[in-house]
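Chemist: First the structure, which I've put down as structure tokens, then a few questions once you've had a look.
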Amino acid sequence: MKLNPHVTKLALFDIVNTPGVAADLSHINTPAKVTGHKGADQLGDALTGADIVIIPAGVPRKPGMTRDDLFNTNANIVKTLAEGAAKHSPKAFVCVIANPVNSTVPIVAEVFKKHNVFDPKRLFGVTTLDVVRASTFVTDIKGGDPARNKVTVVGGHSGVTILPLLSQTEHKFTQEELEALTKRIQFGGDEVVKAKDGLGSATLSMAQAGARFANALIKACKGDKTVVEPTYVKSDVVPGLEYFASNVELSEEGVGKIHPLGTLSQYEQKLLEAAIPELKSNIAKGVNFVKGN
Ligand code: NAD
Ligand code: LMR
């Protein structure tokens, strides 16, 4: 975000290390003024005046864990940060990276509802990395320029809830290719978790994907009417699922038109059917966490 010349202020919040990271980032010669805020009593200062709040705080996976296994630790972290945002920056766009995204987005929504400041157009789960990976993995098989290999990925952000709509690309795949690619896109995060061998999950590709999403929001706020990004938002694209990721037109208000799924192949229809119960339970878990606390 420090590289985006439209950013005027970049406030970093963490429970450790922010003074050092802020000093380091502040030397990059772009306009954003960087401030570092450490610990709960500085959360308000970090959030006050923010137009965009990006939440990547929380523990990452270790090999063998699912994203849902992070819920017990990260739900509380996200809830606390959402409470801060509801009080100090209630009109900001909130972009949630912390996992499990399928549940942490409903957590933020419920906290904002409790504070009477919820605007569904301003809350986003960041699923951009799934789309970034899909484009890379398709290019690995079909070649060409990854930037032109665009794949619509819908659903949620974990395992079988990640639904790449490969039938809507310009490529023809054999069933074997389809199944292998779909699995790779659904479990791309696990490749990194396994390779890091206990030292965390994707950080560099996530930084690129997170910045791509936030930069897209900034572009839309500057009046660009052509910005479409995948994101997990309050949606009625799939009946019965309150939140769902799909391509969304971004605008000054945040969520603009949510694109419908389009035509699904039989194989994709089956993937969707498999995703629905898991998404439903992930969403309920997030909602109930706030309602019960
Ligand atoms: P990390 O351990 O490198 O960094 C997490 C940071 O959160 C640490 O600096 C830690 O001090 C901070 N933190 C902990 N408690 C906090 C609190 N109460 N308030 C503020 N900050 C706090 O982990 P990471 O690799 O950056 O991953 C962070 C989260 O992002 C994880 O939940 C991970 O699963 C998720 N993630 C999501 C995606 C995605 O596509 N949405 C991709 C990558 C990672
Ligand atoms: C990812 O997709 O890389 C992230 O959600 C982190 C993870 O746990 O895999």
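Each residue, glycine too, has its Cβ placed from N, Cα and C.
All TrEMBL annotations are machine predictions without curation.
Sharing the record's features from TrEMBL:
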- 2-125: domain 'Lactate/malate dehydrogenase N-terminal' (DOMAIN)
- D14, N74, I97, A98, N99, M206: NAD(+) binding site (BINDING)
- R61, R67, N99, R133: substrate binding site (BINDING)
- 127-290: domain 'Lactate/malate dehydrogenase C-terminal' (DOMAIN)
- H157: active site, proton acceptor (ACT_SITE)
Chemist: Using Cβ-Cβ distances, find the residues under 8 Å from R61 (substrate binding site) that belong to the same chain and are at least 6 apart in sequence, listing them in sequence order.
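Modeler: Expected: R67, D69, L70, N99, G189, V193, G200, S201.
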Chemist: May I ask which residues of the same chain, at least 6 positions away in sequence, place their Cβ under 8 angstroms from the Cβ of R133 (substrate binding site)?
Modeler: R184, I185, G188, S205
Chemist: How many Å separate the two farthest-apart Cα atoms among the NAD(+)-binding residues D14, N74, I97, A98, N99, M206?
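Modeler: With D14, N74, I97, A98, N99, M206 as the binding residues for NAD(+), the largest Cα distance is 18 Å.
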Chemist: Given the binding-site residues I97, A98, N99, R133, M206, return the subset with CB under 6 A from an atom of ligand 1, ordered by sequence, or none if empty.
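Modeler: I97, A98, N99, M206, in sequence order.
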Chemist: Please state whether DSSP places N74 (NAD(+) binding site) in a helix, a strand or coil.
Modeler: helix
Chemist: Give me the largest Cα to Cα distance among R61, R67, N99, R133, the residues the record lists as binding substrate, in Å as a whole number.
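Modeler: Taking every pair among R61, R67, N99, R133, the longest Cα gap is 18 Å.
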Chemist: Please go through the binding-site residues R61, R67, I97, A98 one by one and keep those whose C-beta falls under 6 A from any atom of ligand 2; give the result in sequence order.
Modeler: R61, R67
Chemist: Provide, as an integer number of angstrom, the distance between the C-alpha atoms of D14 (NAD(+) binding site) and the residue listed as 'active site, proton acceptor'.
Modeler: 24
Chemist: When secondary structure is assigned with DSSP, how many helix, strand and coil residues does the domain 'Lactate/malate dehydrogenase N-terminal' (2-125) contain?
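Modeler: Grouping H, G, I as helix and E, B as strand yields 56 helix, 23 strand, 45 coil.
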Chemist: Including all protein chains shown, what's the count of other C-beta atoms within 10 A of the C-beta of N74 (NAD(+) binding site)?
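Modeler: Around N74 (NAD(+) binding site), other Cβ atoms within 10 Å: 23.
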